[in-house]
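Undergrad: Relevant sequence annotations retrieved from TrEMBL are reproduced here:
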type     : residues : note
DOMAIN   : 131-420  : domain 'NADH:quinone oxidoreductase/Mrp antiporter transmembrane'
TRANSMEM : 79-98    : transmembrane segment
TRANSMEM : 110-129  : transmembrane segment
TRANSMEM : 135-154  : transmembrane segment
TRANSMEM : 166-186  : transmembrane segment
TRANSMEM : 206-232  : transmembrane segment
TRANSMEM : 244-268  : transmembrane segment
TRANSMEM : 274-296  : transmembrane segment
TRANSMEM : 303-321  : transmembrane segment
TRANSMEM : 341-359  : transmembrane segment
TRANSMEM : 371-390  : transmembrane segment
TRANSMEM : 410-434  : transmembrane segment
TRANSMEM : 455-475  : transmembrane segment
Amino acid sequence: MISMNNLVILPILIPLLAATLLIFMNKNIMLSRGFSVFASLLAIVCNVYLVQTIFTNGIQTLYLGGWKAPFGIALVADQFAALLVLTASVVGLVTVLFSFQTIGKEKERLFYYSGVQFLLAGVSGAFLTGDIFNLFVFFELLLMASYMLIVLGGSKPQLRESLKYIVFNIISSALFIVGVACLYAVTGTLNMADLSVKIAESGQTGLITVISILFLIVFGLKAGIFPLYFWLPGSYHAPPAAISALFGALLTKVGLYAIARVFTLIFIHDTGFTHTLMAWFAALTVIFGVIGSIAYSDVQKIVIYNIVTAVGVILFGIAANTPASLQGAIYYLIHDMVIKGALFMLAGALFVYAGTNHLKKMGGLIQSQPLLGWMFFISALSLAGIPPLSGFVGKLKIVEGGFSAGHMTFSILVLMSSLLVLYSIMRIFILAFWGEDQDMRRRKPSIKGMVYPGVLLVILSLAIGLGTEFIAPYINQAAEMLSTPEKYIQAVLKE
């Protein structure tokens, strides 16, 4: 029987060990596939157990090497982190299944499954670390894995966009380490719980506010907030569909998680300024995301700009900083991880079948691909927050929290954005699946195996929406832990 404390490291350890072993299996594709699925299933089982353990027994901590916080390295699993780790592992499993039909054997032999597991280990580590420096370390682990995945295939557009992605992430990482150094110089600690205590005692409000803006820029660049999202459309458009699905579902969410964590635990000394600034960034992110999603006729670009819009919606929930808005932000984070993974998979299947990403060159596909078409339709309703789908509760809570925080205009903007999000995805459904087939002569490939993983995530999105009463206690606990940093501090420092 695994002790409760050791349970915290398993979401990191399982994909890390799996990734290492998969390096030696790269020549045997079937073995690599089977082992990757097994490791992903094992991680999901452990993550479900972790979520339930936290729900029953509260925040779980593990001190590596036996050194207690704040001196040693701490892993901390509260319900917020655990729910995101579980969602990431589910999306990771479905992405692996999707890869069987889409990546191709040549790319699979180039350590593809090892790269996926390393990325999942980095994502889980970023969610679970209790130390700001090790947040940087896990960011670098997931980024190194993403560098390997984004260049897989080596086409010219892919290499061009991957270079942009790598350069901007290197800049972000350099700024991150500068921010960490500044925090350490002021407080003498890197443990997040201890940072919260030391900053409150420091009395250097102005300096800490400047450092907090630096961290907002760092995490904002990784999350894709306005005006720092310019790298995202090309970088997520270039790789194969499976890699785009993994990136779109997970990577920006790690940046949002980091913003939520540090601005509810560490930088809470001047919320009147920092959170108002975040609200403005959130509003502009929503506006420019919506503009991008309705301006393009490229299916993948439409989906990518909807990532930007969702980032703005979630950031607004964090900025409003009320119990209701934080509940909504967590709901919407989980929802968006699932539905964006589904949309990238469906878009990938549509590209293979239609032979193009351009809506003007598609039409009439509902006759031959009704399942694919109706999955896009359900995804559009979910993204727009139509009840009872998964996007509804999260967006409703965010708007409710925004109104109670006094952000009336921003809350109305979030509501209005739902209509334009619905319009942007419904364009895919109407233009690609109705009307006349624009390419009747071309022999179209079978894509059944490609559609089913996306269908799984759409079904999961439906289940999240319909099972709100079951999920609500876990979300409420996560939001409560996030909005009361004293509980986190007490669990880590044992004060």
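For all residues, glycine too, the Cβ spot is worked out from N, Cα and C.
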Undergrad: Give residue numbers and ranges for long-range contacts of the transmembrane segment (244-268): same chain, 6 or more residues beyond its ends, CB-CB under 8 A.
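TA: Residues packing against the transmembrane segment (244-268) from afar: 80-81, 84, 88, 91-92, 95, 98, 116, 119, 123, 126-127, 132, 135, 139, 142, 146, 149-150, 192-193, 195-196, 199, 208-209, 211-212, 215-216, 219-224, 232, 235-237, 274-275, 278, 300, 303-304, 307, 311, 314-315, 318, 321, 326, 329, 333, 336-338, 340-341, 343-345, 348, 482-483, 485, 488-489.
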Undergrad: Within the same chain, where does the transmembrane segment (303-321) have neighbours whose Cβ lies under 8 angstroms from its own Cβ atoms, ignoring anything closer than 6 residues to its ends? I mean 6 or more beyond.
TA: 223-226, 229, 232-233, 236-237, 248, 252, 256, 259-260, 263-264, 271, 275-276, 278-279, 281-293, 295-296, 328-329, 332-333, 336, 340, 343-344, 347, 383, 394-395, 397-398, 401-402, 404-405, 407, 410-411, 414, 417, 421, 424-425, 483
Undergrad: Cβ under 8 Å to the transmembrane segment (79-98), counting only same-chain residues 6 or more beyond its ends: which ones?
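TA: For the transmembrane segment (79-98), the list is 11, 15, 33, 36-37, 40-41, 43-44, 47-48, 50-51, 54-55, 113, 116, 120, 123-124, 127-128, 241-242, 245-246, 249-250, 253, 257, 260-261, 330, 333-334, 337-338, 341, 345, 348, 450, 452-454, 456-457, 460, 474-475, 477-479, 481-482.
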